[in-house]
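J.: Taken from TrEMBL, the feature domain 'Yip1' applies to 18-186. Marked as transmembrane segment by TrEMBL: 37-56, 76-97, 109-134, 140-158, 170-193.
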Amino acid sequence: MAAGHISIGNLISEAVATIRQPRDTARRMLGLNLPPALLWQMLCVVVAISVVLGQGTLMITAGGVPFQSILLTNPVLLAALQITLLYVTVFAAYRIGRAMGGVGTFHQSLTLFVWLQFVMVCLQVLQTILMFVMPVLADLVGIAGLFLFLWIMTCFVAELHGFKSLWQVFLMIMVSAFAIAFGLSLLLAIFGLTPTGV
């Protein structure tokens, strides 16, 4: 996919290719060398789509029951939180990878995680559609999406930093994720954004 020939069809095709051959797709994405300003704009767009889909899904599944969580009732806050978490993930993938001997840059990390977020949004769209036609399949897509996220993320980080062992990369991601999640949970508790009442 060339930067000057981007279309919906090409994006969907690349999203499918990402699931099949994540490392090859990662190399193609890095080869585009997209400017940082465009990447941040793309990140905001995919987060906005994700929040809209999530809010719509919750409204349908809640059946009119009012939400008790401030995050669920405030899409702007939810979007800001998602962007913050993505930034933390991008930075962590860059810094921790470099500390382990990797060669990736922050810009490259941003490129891959923006694309990963787009792929996840595509799965979210599919899951939302299936909720209306085949709810059971929608649940399966949700579960598969979690495993796909971990698989693609592992391959992307390995390609980003030139690592060979996917198992070592996966272990590094899991340990880092637990540490970051613990730190973020403390921050959320300080600001009163706990999951109580969801």
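Cβ coordinates come from backbone N, Cα and C, glycine included.
Given the structure is predicted, the values throughout are model-derived calculations rather than measurements.
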J.: Under 8 Å for C-beta pairs, could you tell me which stretch among 37-56, 76-97, 140-158 has the largest tally with the transmembrane segment (170-193)?
T.: 76-97
J.: Between the transmembrane segment (109-134) and the stretches 37-56, 76-97, 140-158, work out which stretch tops the count of Cβ pairs under 8 Å.
T.: 37-56
J.: Within the same chain, where does the transmembrane segment (37-56) have neighbours whose Cβ lies under 8 angstroms from its own Cβ atoms, ignoring anything closer than 6 residues to its ends? I mean 6 or more beyond.
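T.: Residues 72, 75, 78-79, 82-83, 86, 107, 110-111, 114, 117-118, 120-121, 124-125, 128 contact the transmembrane segment (37-56) from elsewhere in the chain.
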J.: Express the predicted model's confidence over the domain 'Yip1' (18-186) as a mean pLDDT, rounded to an integer.
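T.: 89, rounded to a whole number.
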